[in-house]
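Notes follow the structure.
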Amino acid sequence: MNPNCARCCKIVYPTEKVNCLDKFWHKACFHCETCKMTLNMKNYKGYEKKPYCNAHYPKQSFTMVADTPENLRLKQQSELQSQVRYKEEFEKNKGKGFSVVADTPELQRIKKTQDQISNIKYHEEFEKSRMGPSGGEGLECERRDPQESSYRRPQEQQQPHHIPASTPVYQQPQQQPAAQSYGGYKEPAAPASIQRSAPGGGGKRYRAVYDYSAADEDEVSFQDGDTIVNVQQIDDGWMYGTVERTGDTGMLPANYVEAI
């Protein structure tokens, strides 16, 4: 059924229908309320569901109110009521405030990572408290660099150990029995039957808990179980000392050795 025009109240057929301001109009009836200028959907402005042109669109004006004592009192009372209501709502919602966060895959990944970090820290503290202060150093080094140890060990087995030819010694066999693993702790490999005597000296003595291959000229290579003498601490990550088996002196990583 065809609707009626909002202005002339006659039937509006689809060919001349204008649907605007929640009403139906003839194209000729859709004009400004003041100047009767024909309008369209691009240049009309609606006010109280009536069409107006841009020139005759009603302007909103503000009424000036005198700043009398009565008005000041009402203004102050309104502000006090707003503050009281705000404080009441604040006290009511105190401790209950929370923000809703979308459960995205990125947030799930971050939450899972935080749970894993917390679990690792808990087990680390538990192992330290169970082993005591003296037995926890080797495990700490083992936990700190397990990947570096497994990465460097095959490289050390492939390369023969360099021993100066000036002193006749028996060469250590390359293939050594694999170190057995109990939990997170690895037994050191069996040392060579005959080792070259290195000049002893004072200072701190450390024992290697991993194999290490020198990556620079000022570093030294050593094997698991070697004794490092004359050790001097450079910083938190590096030391300087002499490998007692080979007599080489240079820098070595601090997390590859433990104090004797």
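Every residue number used here counts from 1 along the chain in the order it is shown.
Any Cβ shown, glycine's included, is placed from N, Cα and C.
So that you can see what the record holds, here are the features copied from Swiss-Prot:
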DOMAIN    5-56  domain 'LIM zinc-binding'
MOD_RES   Lys42  N6-acetyllysine
REPEAT    61-95  repeat 'Nebulin 1'
MOD_RES   Lys75  N6-methyllysine
REPEAT    97-131  repeat 'Nebulin 2'
MOD_RES   Ser99  phosphoserine
MOD_RES   Lys112  N6-succinyllysine
MOD_RES   Ser118  phosphoserine
MOD_RES   Ser134  phosphoserine
COMPBIAS  140-155  compositional bias 'Basic and acidic residues'
COMPBIAS  171-180  compositional bias 'Low complexity'
DOMAIN    201-260  domain 'SH3'
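Recorded features from Swiss-Prot, shown on the structure.
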| residue | record | DSSP class |
| --- | --- | --- |
| Lys42 | N6-acetyllysine | coil |
| Lys75 | N6-methyllysine | helix |
| Lys112 | N6-succinyllysine | helix |
| Ser118 | phosphoserine | helix |
Let me know how many other Cβ atoms fall within 10 Å of the Cβ of the residue listed as 'N6-acetyllysine'. 5
Pairwise Cα distance for Lys112 (N6-succinyllysine)/Lys75 (N6-methyllysine) [Å, integer]: 54
Cα-to-Cα gap, the residue listed as 'N6-methyllysine' vs Lys42 (N6-acetyllysine), nearest whole Å: 43
Residue pair the residue listed as 'N6-acetyllysine', Ser118 (phosphoserine) - Cα distance, angstrom, rounded: 62
